[in-house]
Amino acid sequence: MTNIRKSHPLMKIVNDAFIDLPAPSNISWWWNFGSLLGVCLMMQILTGLFLAMHYTSDTATAFNSVTHICRDVNYGWLLRYLHANGASMFFICLYLHIGRGLYYGSYTYTETWNVGIILLFAVMATAFMGYVLPWGQMSSWGATVITNLLSAIPYIGTDLVGWIWGGFSVDKATLT
């Protein structure tokens, strides 16, 4: 009798990619985080897409849209929690992936390492936008705190913060 993970067409793809991956025996569990990053990223994209279908940037109805997602949308509460906790899991996997690279000396491959640094900055910028743009006062607080970190840059810091804000201060609870 054949195992279903080896005979079913879709399960066979997952089995060959994650379980029976042809890899050297000296690869430890540290080398799994690249695949986990891909899984977390796909989960973030899919849940974010479905959450964006119910998004409203108006400060008067923002909280109502969150309660609408949690109460009225089928499994909306699950989408919201998967998206929030998936972001944390994504960054945990990302930092462990970087830690593995530091431990095994991958920084000696400068081209590859520099591409990884650029990807890290792109991920952090995307996460910042995802944190700042949605509903609620936390977005205004997050925008103020995170962008004020740039004011620590000598000579251009305060001008840079004013340029990012588009003025003297953040106006509404959402930056749309």
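The count begins at 1 with the first shown residue.
Just so it is clear, glycine is given a Cβ too, placed from its N, Cα and C backbone atoms.
Marked as heme b b562 binding site by Swiss-Prot: HIS83. Residues or ranges marked as heme b b566 binding site in Swiss-Prot: HIS97. Residues or ranges marked as transmembrane segment by Swiss-Prot: 33-53, 77-98, 113-133.
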Taking the Cβ of HIS83 (heme b b562 binding site) as the centre, count every other Cβ atom within 10 Å, in any protein chain shown.
19
Suppose we draw a 10 Å sphere around the Cβ of the residue listed as 'heme b b566 binding site'. How many other Cβ atoms does it contain, all chains included?
19
